Amino acid sequence: MSQARLASCIPLPLEHRTLVSVVEKAKDWALMHGVGMRDRKHFTKDAIQIAPFVLLPSPFPKTEFTKAIELQPILNELMHKVAHDDEFLTNTLQNALQVDEFTANLFDIWVKVRDEGMAQTLSLGLFRSDYLMQNPDSNSIKQVEFNTVASSFGALSSYLRDMTRYILRQLGQAELLKNMPENRALSGLCSGITEAYDLFGVPGSVVLFVVEEVSYNICDQRFHEFEISEKRPDIMIYRRTLTEIYEEATLNDKKQLILDGHTVAVVYYRSGYEPAQYPTAKEWDARLRVERSTSIKCPSIHYQLAGTKKVQQALAAPGVLEKFMGAGAATGRVRDIFTGLYSLDFDESGERAVDMALADAERFVLKPQREGGGNNLYGADVREALLRMRHSRERAAYILMERILPPLVSGYVVRPGAAVPPPLTDLVSELGIFGVIIGTKDKIYCNRQAGHMLRTKLADANEGGVAAGLGALDSPFLLDM
């Protein structure tokens, strides 16, 4: 399958001496402005290294970028409605629950708190919709997935734009800065947390960040804390792991979550925390305790269930969008961004999907329910997995998606510890649009788009997670096409 190609924002390759000089400048800028992460191989709390980044901004069609921005509030509301439709969630997830232990545990918590009577009906969503440009029609975006635990790299993406603008000026290309859109992801995401805090309405209450046992993406996490502290010095922020929440947080008779003597107003699950890795009963107990509380959750348990791959696949089925959105123009716009999504349940349509993938595995991606990325299967691995699972209930925990082949662009990826200068390579980019929504089943208090991020990877790499070291942070360079 061939891929189209887009031209870089400036002619490449750069002259060797120029490239070496500008890479060194970029690395120093990144370190001095916090575009960094902790070293996974040689972890220490006393040092950071640069986060992987693309030296020059990557081209992206302006019309499609604008489309994605405009669609985000529509998608926010759609997922809000899905999350509050008990019957739809139950019917959609029932087969996956039998084979996916993580989703089944989330579902059990949801049922418990729903049957007990939810102590907090407000939910905070910091969402992200991810897109690839479709090839050969490179003027059309297609949704890769919708994430409801999704604020990771919002902060670093905001700073990366400033770094890239600095690099373009160093290369004598200041006239190109007008093609780089403003990115307020950090302030936009943090404003969602502070608005939820104000809606909670308890003076002296605190915000709780739920973090990993070991935090590699520390700059991105801390920038959210620093931003809130700067804009709202009245709000105290705590950081705790789920195990620490189990050991330290309690519920009082009003179902308020109490930590160090303070009521917790908002519980914010960092997207860098891999939810599929809750390995202990204590962590699951902590999650249940939080859900039983009056704290506003980000995401709430039903928001997280709405973000599963099975729900994404179900929404693409004929007539389902209309159930939630009606039959207007907005529904058509949303359906236009969907690519082919197929269930692998044990029914007639599931069997057709299996046969289709076995006949041409290169056309598809096999996506599991697991959070956090890095688990998708491609090409020959799709065929091997389906042959193994064809008669096993395990296959119901996956969906099949048509593979999207975005256009290629030449560029330089700068990584910590890598040779300087980096080689000129073919890259592909994935655009993520952040969104904020706060509401109950019957009332939405805020709903908006909140910035963007661009992740770029080598064209021959299947996965593109920055935290996992597979992708790189990038900025869009908007083109009139």
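If you go along the chain as it appears here, the first residue is 1 and each next one adds 1.
Yeah, the Cβs are placed from backbone N, Cα and C, and that goes for glycine too.
Unlike curated records, TrEMBL annotations are generated automatically.
In TrEMBL this protein carries:
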- Arg128, Gln221, Arg455: substrate binding site (BINDING)
- Glu145, Lys309, 367-376, Tyr378, 401-404, Glu430, Lys457, Glu463: ATP binding site (BINDING)
- Glu145, Asn147, Glu371: Mg(2+) binding site (BINDING)
- 206-306: domain 'Glutathione synthase substrate-binding' (DOMAIN)
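Structural mapping of features recorded in TrEMBL.
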residue : record                 : CB count, 10 Å
Arg128  : substrate binding site : 28
Glu145  : ATP binding site       : 20
Asn147  : Mg(2+) binding site    : 23
Gln221  : substrate binding site : 22
Pro368  : ATP binding site       : 18
Tyr378  : ATP binding site       : 14
Arg403  : ATP binding site       : 18
Arg455  : substrate binding site : 23
Lys457  : ATP binding site       : 23
Q) Can you count helix, strand and coil residues in the domain 'Glutathione synthase substrate-binding' (206-306) using DSSP? A) 42 helix, 26 strand, 33 coil
Q) Looking at the binding-site residues Arg128, Gln221, Pro368, Arg403, Arg455, Lys457, which ones sit with their CA no more than 10 Å from the CA of Asn147 (Mg(2+) binding site)? A) Arg128
Q: Could you state the whole-number distance in Å separating the C-alpha atoms of Arg455 (substrate binding site) and Glu145 (ATP binding site)?
A: 14
Q. Near Arg128 (substrate binding site), which binding-site residues out of Glu145, Pro368, Tyr378, Arg403, Lys457 have their CA within 10 Å?
A. Glu145
Q.
Mean pLDDT across the domain 'Glutathione synthase substrate-binding' (206-306), rounded to an integer, is what?
A. 92
Q. What is the maximum Cα to Cα distance, in Å and rounded to a whole number, among the residues Arg128, Gln221, Arg455 annotated as binding substrate?
A. 18
Q. Quick one: Cα separation, Pro368 (ATP binding site) versus Gln221 (substrate binding site), in Å?
A. 27
Q: List the Cα distance (Å, whole number) between Gln221 (substrate binding site) and Glu145 (ATP binding site).
A: 23
